[in-house]
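Here the structure comes first, spelled out in structure tokens, and everything after it is commentary.
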């Protein structure tokens, strides 16, 4: 055994030399976190004193871990991965739990750090970026650092956080960048001459280290203290580069690029102390050990040779050579050191003083191996030129010989002891021998026989055969060295493993011990001269490891050396070979290990398979499908169950719990009854009981297999654990306190998981073993420890965070690891006992085997620990009781027939059956046997048989008796059994057969029983005694079906798998006929009533008919078949049972069917283990059915008893026999989990309503992906190239100063730039496609709702609004927490794109409505968006529903940001999901043809479909809303206006036509239980769109909304004190009084379509908006409300006030325009000269002309002085595309037109001629500026406008600011003019995707912006029903005035005040800006 010795004590860890890989130190300075590279990398947190792992974090990162950091109190750890997204993860490392993750950056991240002065803030930096992160809930949100003009955008290598949001960072160019918040505020230039690699903060200040070899110390304000230049110190050298630095007190620790660690004491700064050093760059290959002293020499590609002392672990000497070194050797006398170089030369040095003796170059290629001969006379040098040169040492290294013979490079050489022979290995794996010193090759075998080798370092040869694994590349072992004395050898390989073998080692695949430590390939390994140490060197990791050798004889004394702990098996005794000394595996164990539970198709795959088969469904859906039958069956009793162990227990009440197939069985032995847990849907493999004996955990087979914890009394599930085991769970165990559960999977790695089962959380997981694990046991005294046993496996585990750390059991000299079958813990935490496959019991203390005791003949299958002793059971059929030390056996019980108690039911199949399970309790020993029997052994000896079943193999044969309640089964286990189906439920008789059988049948009188066997024979036995009557054998193949003819039973038909049916005459015992013609094996047969006709099914799905007795084939048309009276029907083919074949018929077969005697109900069994009932005849495809799950795999046969009272089914592989009682319709009480209804949702459509359809089909798109709202074409302005002509940029202008761009007379002297915009008002509410999103807060004083991406709190009394603006995209849903502990807590869910957890992922914000503080942000995996949220009763849980295709439902603990459970909800849209108001675990979801009742169990979501069964003709409609009543009542509103009332999950009544149209919303009042409903209705006398109901929804009162609409469509209701709050589709929010029914409209908005038109009043704070809903509305900003609205009957596109404000012009979508008089709202004139939409309309400043621009590429001029006739006077020609915006010049003589081709043109008014003279254009002063095109505004176009456009702009009346609105929903504020590209700006979010228009109000007091929506995004709107208008008042700082007037550019330029916070368009390179417009501003 080797023991790793660290080259330096652990001191260098506690001194915190933190290398620049991923290593982080806990604040308390004891724990260290390290991250590794690799495919599945993990992070270990370990203790630097004990070197024990404390926690393992895994399963998130891929590729590797780049950096790590602990937070201030050390609770959390952040890690960054090396994957393409550089994922950032935050962990609660003690629990091993991931708290949050997010994509880090597109490029490498070099450093990450917690801000130690602010909680929940982090900073990361890397290639060309720095990001500031905040952690809230489960989401990490980054903000990019803004470099601005202060510094260049460049790579940041390291950082440190300081107080007051200051961050210091080191850059690649040697500067230090200082950040405040996210802005760069200053740089410290030239802090280092080159890149700064490390920065370390401590109490005194900061230390930095860089590539220039300097360490600098700075004080807390980053003023320099001192510089230490390491290159100048006595240890320094040229090119020294500092990679890591750490400063504590007066000591500084420095790590360099060349693998050195220095410690510097400040006052002796030029004498750094070298703590640690090693080789650096390149690979390390050369290693030699001194022949007489404890020295090792290494040489590497870094050209240095180093001599190390193995005693002091220190470097003694170092010498640099000219060339990279590849090999080394020391002469026998220890005087010379020879080094082989990469260039083909070699050098000899004196060891004493490292002076050169000789340098010889004879070869071109690298020297890979050299060795001195034992007598010291020769040096052999092997090169990559495939030859070995021999040099004479004494003759000053003269070449004396050459060995040629290899065809490949030389890898290893050894001399013989007498120096006369040399053996070599080469790259081809050839081994050659040469005579020395001449170098002649020796081939004579005899001559070679006697050679003694002086050393053995060769990898090929007989003596080292065993080092090669069986199948390996020839060159993956790099080095070998044999220790002849100790008879061991070590090897080094390419996988970083050092192995220890015995020497010699002759057989391939020998056993070894392996040791880890090196990261990549180990290049060389050598024994020291005294064989005490092994030295190994790593190639790429440059490390030299020194291991201590502990010989066998010393192992006994060194048992205190615990085996090396590791996550990977280290010291393993496994070798790759099948070990020679392994005992024969016991046949039963072998059989068990070979059982595979893999399925072709798992039950979880069914939904996908059904989806794939949708096309087939559509074709069949046209036919009316048969209804499901009314009657049903219920599981009554189960016989069987065998292949697992330790799965049998007593419960608290003395019942017995075990499992069969997919059923958990609770058996009451007094009453002989069973109760069933039916929550599983596939084989249960294991079962464990809670220490209190009331709960049980069962694990099943499945693709993502689950563990259910359920209560044995109520049979209800408490928790379901899944998500970590593939294929199945084979072992479970509870901890002694019952809080934890351990489980083992049957995946290839046998993963072990430790759970907190109540919470459903995975605590830890680890790969267990490659071989099967049978048992897991948690230590009863220490729940963090556990053991697992299995095939050649015994491991002791302890939990470390998210991982488990295992140690193999230490067997020592007592033997080898046997296969362990069972294990228990003993009376102290150290003692453990395991039973082996050879019959021994092993006794363990800690991890060491102390002794073994022989307990049984054959394997020990089961053990149970008692208070004072143990009980064991084995294959020998003996139960043994032991004392508490296994010293002596107190008593044995043999399981024999003779010992059966007299009253025992059933029969023992054989004596001494193999015992598989034992349990004690209630004075008895409970025993389970391999034969499927459960026995109770009394302490005094008698045995009672309780239950029994078939054993291994499959059960296919089943027959029910013609007039008694008994049945017969026959199975592959070679038994024929008769069962009593009446209350005694026992086996009446059993008979062993010579072969297994597959079918049986009673004769019509019940006296005889025919049995078909698997060898082609069949027998007829007496049905009572089971003695033979006759037997026949005519066939070779399996007999698959056997049938007596009805009546007298004259004939017997025998079908076999070789495609024939033989007909025998029973009386004469002769074969009378053969039915031929089947093309495949026969599967089913039925006789007709007369006994003349035989119906046959074959494996090729043929349905054939034969006439008895001769067997003549008949063809009968299908209509006739139905008319024939059949004596029985077990056929699965034919038109009568077409409907029994499922949609996924290719995947699964219907294996059996049976018809009741009244021919009404057909029962079927299939390959999925489903038993189904259909109405007969089942015509038409895909009939409806009821289905039942209990069998695990295929159901092989089903039969009704003679009176139809029971259905008997048998399972194939699960060998179980199940009895089901048949229940008539009506008398069944509503029992839990009665049945699952049929596969398909009803085909009938769920109803239609335009609003619902629209809501269902909405395609929400996030802003980041938005495209332009107008169909623009051409080249964007910022991409158009312009050549400046000479006259355009005159060097000095002698001309008059340029006139103003914009007329500014109406502002007077207020020429101040605008600083900022603040959101003040939002008109609009999102009601068109969102629901249940208006709520009262504070007892009705406030109303909360949302529009666009803004949450709005509206105060009812004052009308003021306040806003929550943290969302970055549209909000889709809103809910309020009703729990008093969480008052005013609101959750809102938004749109998002993919679920990559980045900033654009959908998220839910939980916030406080009053102070707008974000409490938690939950990023979620609901791709597309979150469409419904709901708080639980206690307020702690939050439920969310996604818009993803699966409509995932997720439950969150929102305060922690933890996702508790998640599951696909439904394949169609879910509209609402709400928690029951009194529950934290029950909720209901409703949607398209869907209502589901959900329960949260642990971490799993269990659901039941709503059952419509009890009400006639009820069909599943589309459900839209949900409300709740007492006693588990649920109300759902439907699309047809009905409300369904559900009790539990069963429909009990329907409130017909609660509304005339869809019931969109329901609200349950918590204080009095009254329910409010809202729907779509036409207002009438009695009806209303809002109704208030009593608790049972029996009586109601209707309220009418006086909105004047044709139909009212209510989308949201909420009830406060005496008031009902209503949100409508028309974007109104209305308050209705309950007493007087008075309506008060609180909020108005446009309903539909974009608001395209926007106009502000020339002198007052009014504005007009025009939208596609056909209305123009007048809004008053001061009063915060709508003053008036005009309905036009057509969609409006644009509006404009006349200059005096007395007229309004409105342009329509149909080409018409209207002029209204403002005072009377009368029409002054209207005209329609165009057929397409009017895009813009403008009055000229002198009020004379009206310009109308349309989509027909035209602008028409009208002269208003000619009166209301409105005749066109002229129009503009040659407009290249549709018109977007128009502006008049101040003198009304020019018009500028912006068009859809990104061109701006200027026309004369009124002639319409185009003006082309640029000089004239430049001198025009404009009255307004709304154009987005033109050189003056080129800066507004952003870099990311590939798909999206700037839609609107407006220059302030003062002429110095410009606001724009774009397709991303941003309002941006610029300076005007902005002639440079990508100008600086501020941005304001809030709108949804598109802004259509934006305007300044008079006096520049407000900015009004309008949001649009667009056909490509149906209803993507801002605001409710549609469109919203936002107001931003303008802040004006006074101080800017001074600067402007003096013309002083302020600190950042005259008109760019406060631009420090300005966002730049991603350029981050500072934009230099010309002075021109500053001058312009100053001039004006």
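Positions of Cβ are set from backbone N, Cα and C atoms, glycine also.
What TrEMBL lists as domain 'EML-like first beta-propeller' is 21-263 (among others).
The repeat 'WD' feature in TrEMBL is assigned to 206-221 (among others). Counting only same-chain residues 6+ beyond the ends of the repeat 'WD' (206-221), those with a CB under 8 A from a CB of the stretch are 158, 160, 162, 168, 170, 174, 176, 191-200, 227-231, 236, 239-247, 252, 254, 264.
Confidence annotation: the domain 'EML-like second beta-propeller' (284-548) carries a mean pLDDT of 86 in the model. Annotated domain 'EML-like second beta-propeller' per TrEMBL: 284-548 (among others), in sequence order.
Outside the repeat 'WD' (286-310) by six or more residues, the chain places 258, 279-280, 316-334, 337, 339-340, 342, 349, 351, 354, 523-530, 532-533, 535, 537, 542, 544, 546 with a CB less than 8 A from a CB of the stretch. Annotation source TrEMBL lists repeat 'WD' at 286-310 (among others).
Sequence-distant neighbours of the repeat 'WD' (360-391) (same chain, 6+ residues past either end, Cβ-Cβ under 8 Å): 285, 326-333, 336, 338, 340-348, 397-404, 406-419, 422, 424, 426, 434, 436-437, 439, 454-455. Positions annotated as repeat 'WD' by TrEMBL: 360-391 (among others).
The region 'Disordered' feature in TrEMBL is assigned to 566-589 (among others).
The compositional bias 'Acidic residues' annotation in TrEMBL covers 571-589 (among others).
Here TrEMBL flags 673-936 (among others) as domain 'EML-like first beta-propeller'.
Annotated repeat 'WD' per TrEMBL: 853-883 (among others), in sequence order. Helix, strand and coil counts from DSSP across the repeat 'WD' (853-883) read 0 helix, 20 strand, 11 coil.
The annotation domain 'EML-like second beta-propeller' is assigned in TrEMBL to 955-1222 (among others).
Residues 599, 633-642, 660-663, 676, 678, 680-684, 701, 932, 949-965, 967, 969, 971, 973, 979, 981, 985, 1149, 1151-1158, 1163-1172, 1235-1236 of the same chain, all 6+ positions outside the repeat 'WD' (1188-1220), place their C-beta atoms under 8 angstroms from a C-beta of that stretch. The repeat 'WD' annotation in TrEMBL covers 1188-1220 (among others).
The region 'Disordered' annotation in TrEMBL covers 1230-1251 (among others).
The annotation compositional bias 'Acidic residues' is assigned in TrEMBL to 1235-1248 (among others).
The domain 'EML-like first beta-propeller' annotation in TrEMBL covers 1360-1631 (among others).
Sequence annotations record features per position, and here TrEMBL assigns domain 'EML-like second beta-propeller' to 1651-1912 (among others).
Under the heading repeat 'WD', TrEMBL lists 1651-1685 (among others).
Residues of the same chain lying 6 or more positions beyond the ends of the repeat 'WD' (853-883) and with a Cβ under 8 Å from any Cβ of it are 586, 588-589, 645-646, 821-826, 833-841, 843, 889-896, 911-920, 925, 927, 929, 937. Simply put, out of 284-548, 673-936, 955-1222, 1360-1631, 1360-1631 has the most Cβ pairs sitting under 8 Å from the domain 'EML-like first beta-propeller' (21-263). In this chain, the domain 'EML-like first beta-propeller' (673-936) lies in contact with the domain 'EML-like first beta-propeller' (1360-1631); the count of Cβ pairs under 8 Å, excluding pairs fewer than 6 apart in sequence, is at least 3. Per DSSP, the secondary structure of the repeat 'WD' (1727-1768) breaks down as 3 helix, 21 strand, 18 coil.
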